[in-house]
Amino acid sequence: MLAASASTQQLHNHIEYEIADIELAEFGRKELAIAEKEMPGLMALREKYHKEKPLKGARIAGSLHMTIQTAVLIETLVALGAQVRWASCNIFSTQDHAAAAIASSGIPVFAKKGETLDEYWAYTHRILEWGDQETPNMILDDGGDATGLVILGSKAEQDLSVLERPNNEEEIALYSSIRNKLSDDPSFYSRIKSSIQGVTEETTTGVARLYQMQANGSLPFPAINVNDSVTKSKFDNLYGCRESLVDGIKRATDVMVAGKIALVIGYGDVGKGSAQSLRGLGATVMIAEIDPICALQASMEGYRVVRLNDVVQNVDIFVTATGNFNVITHDHLIRMKDEAIVCNIGHFDNEIDVASLKPYQWENIKPQVDHITLPSGNKIILLAEGRLVNLGCATGHPSFVMSNSFTNQVLAQIELFTQGSNYDNQVYILPKHLDELVARLHLDKIGANLTELTEEQAAYINVPIKGPYKSEQYRY
């Protein structure tokens, strides 16, 4: 096996990594230098806490897209005292030069673009394997896979029947990886679970899993819902998608978006940003929604709200953004027009019924771009095999908006690691004053100057002069 392939390597101090090519480290380091200038929130936290090192003693198992922006996050956590092991949370989202830069700096990382499902779960296990009888004590998650692996594995220690009847290829790989681990170490997962002080979750889908566990009483440690910080969901989800969706579509297909008919399925924050993205390049955009409030919002913004089933034969570009499954079904797929582009910007790959297309003829155009011939003779263009198009076919959100999200992540990790005993096994949101702090840290970079309240004005509206300025119930 070549040294540059994804084989386990040893660096100084016996740091291990599995990446595509360590020779990409210099390229990654150059892009990291640019990203740091665009991520003022993270750099401000480094400056504030680098001497205090509030994360000293934290052993963080990180499962989040291994991009250049994530590399800045990782190095911020390390600068604040943490030990880190990292894997990507998506088989296509890794930027190999970013992984190489992190590996070359001595941080264990297990990620490469285009992982198999077996590799994906093997790498997720690697972030939990600390050696020398040590275990992680914190999880930083995106989509809930690392958290879910620990919890499902703990259940399987007691009852292997939970690993029966997988529903898809991903579950086949997941269940197999758990069985293999249990054969080597029958109490592995329960040891990990008992050592975790808290988890911070990045995205909508992972947060939904946490709330589900909280509701049924199975959440084994405190969690902070980073996604619903205003400076995450209203920025990363909205403005990030507004730029990265069309970036992915254009890099993958080179098509002219102007004049096309596009359908965005789901009009939450991600859907809103996606719709703006397509409209901004001149597409006629329609929205499909189940929620009457979101549907009304879309209508008031000038989008036509439709049912997928009624328009499927007329749409040029399909984008799913729901967090649900089987949104675009086989029946929808086989009715699509010739050269329709089909993609997803939700976290998981099950919004589009890609499995139902397997019997048909596939022609790979380039990585993450497939031409599929339907029974009608029409061909559709499937992007990133139905996984995140902006990370599979492009490089994800810009650094500046990710600085908002990742500053929240660092603050959440500090809070749970240093104050974990104050939290029950429930899901929490960072308080308003920290949300406002994250925003403040990013204003200078874009030349924004805040107006200041007078004492009389502050008293009149009954808020502190320095904030927070809105109630917890306020909807931005």
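Note that Cβ sites are derived from N, Cα and C of the backbone, with glycine treated the same way.
Per Swiss-Prot, the feature substrate binding site maps to THR67, ASP142, GLU202, LYS232, ASP236. Neighbour list (ASP142 (substrate binding site), Cβ cut-off 8 Å, at least 6 residues apart, same chain): SER63, LEU64, HIS65, CYS89, GLU201, GLU202, THR203, GLY206, HIS347. DSSP assigns ASP142 (substrate binding site) to coil, not to a helix or a strand.
The Cβ neighbour count for THR203 (NAD(+) binding site), using a 10 Å radius over every protein chain in view, is 26. Residues or ranges marked as NAD(+) binding site by Swiss-Prot: 203-205, ASN237, 266-271, GLU289, ASN324, 345-347, ASN390.
When the binding-site residues LYS232, HIS347 are scored by other C-beta atoms within 10 Å, LYS232 scores highest. Between the binding-site residues GLU202, GLU289, GLU202 has the most other Cβ atoms inside 10 Å of its own Cβ, all protein chains included. Within 10 Å of its Cβ, the residue among the binding-site residues GLY266, GLY268 with the fewest other Cβ atoms is GLY268. Counting only the Cα atoms, the space from THR67 (substrate binding site) to ILE345 (NAD(+) binding site) is about 17 angstrom. Among the binding-site residues THR67, THR205, the residue whose Cβ has the fewest other Cβ atoms within 10 Å is THR205. The Cβ of ILE345 (NAD(+) binding site) lies under 8 Å from the Cβ of CYS241, LEU245, VAL270, SER274, VAL319, THR320, ALA321, LEU388, VAL389, ASN390, each of these being in the same chain and 6 or more residues away along the sequence. A Cα-Cα distance of 14 Å separates THR205 (NAD(+) binding site) from LYS232 (substrate binding site).
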